[in-house]
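The block underneath contains the structure these notes are about, expressed in structure tokens.
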Ligand SMILES: C[S@@+](CC[C@H](N)C(=O)[O-])C[C@H]1O[C@@H](n2cnc3c(N)ncnc32)[C@H](O)[C@@H]1O
């Protein structure tokens, strides 16, 4: 028995230590909770969900747990790592089951368990002080109240019809509620009320809306590629650019490819889409995901879009451009991020909640402004570059940011910097969607009205979309001059590398590198084993110059 017990004790010690290590990495902003737990190869598969739940719950209660530990000031716990103590205190005080596998790690368990009564009474005292009727009331309100982000489902028209998918859900017992574009509050009320209710989206014909929390990841329609789980706002750009079947489009910053596969769906797999992304690993994901979505017209190229020559004859047929470049990601509603932010802020203040360094927050504000400025330079350069493709006549520009700097200000600057494109009129840009752009950065009321904004209170992520249409024939020299006139962004310490070689000197490279930490997530570069052609197998087509690397699964 003793022999069998030993490895188990080691495994259990590892459980809390491993979770503490994940907290340490979250503090260092080395990844999201999900990537550091579910995507962490060193956490045993059977423990992943447990570790994930423990981390989320501990973060929710971290400020109160830290206060309990601080107030008790138990000398015996001084030697225990701060994060391990938080995790143990969580399990000991806030779960019915208590410490995980109690008894497996005798020393650690005994060390904390013998103080349970004292810790518990301190927790009760805090509850009394703040008037909390239950443990749940101890969670800061901002982390408790979830915004209702609906589960949006995009029907992949390459594998199914909207009616077919609706019928399938009805057969499974879901109730289809009527959607009224004019009454958004009714839409919200219906979805918030019923767990097995759904609606056709009133703005996008290929999108369905389900109540928040609906999990369709294991649904057969998702597994066979008939539906794609994609936020509604992120489905808007393909509808704004509207490439018809048989046309040629490009996607400048395409990975992981949700919008690329959406264009292929609207194009009925007829025509061609050039999909560029500078990140090799992300482009590999695009190749895999668009393949699962049955998209057959995508030519994926690992390159910086800014290195692509718009006058290269192979792009002469490109008429539609979807531009969704890196951005601050400030519109993404992610409750998990909010948990981590609150936890890190709590560490900064100390458990007592005091502290805060005003000079530092001033620095943070400045760094934030510089970052936004760099992103805006980069985003503007992407739009102006797309406008240099002589055949392009319609463009969508989007971000998942709520900042004016990356949205209306970029649009205004693009309009000032060239004379061939204007904003698409409002009736061509998701006309039924009520929230429009802001009349700022020199934009007129009519221009602002042709832009689309989305905010979390609309039940989507924060998002921005602009449509541009060609209003004057292409003049390559004018567009090139506009691009050359772009001011160089401030020096960046960005480490991201392009996989393509620039033929045009430093300015483009600086603009490209100006996209610092963004919604793209940390750049992962898996080892590369072999190269696969990026060309679709079509007759008579010129072989593209760049190759897509195939990553080895680790
Ligand atoms: C917001 S994400 C795109 C999301 C994508 N459109 C989708 O819907 O799945 C931005 C992407 O731009 C890529 N990117 C950044 N700079 C780039 C550049 N200069 N050229 C091409 N891609 C770039 C990033 O690697 C990242 O994958």
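For all residues, glycine too, the Cβ spot is worked out from N, Cα and C.
The S-adenosyl-L-methionine site recorded in TrEMBL comprises 253, 254, 255, 256, 257, 258, 259, 324 together with one of 224, 231, 277, namely 277. Between the listed ranges 109-136, 137-164, 165-192, 193-220, TrEMBL ties the annotation coiled coil to 109-136.
Confidence in the coiled coil (109-136), given as mean pLDDT, stands at 85.
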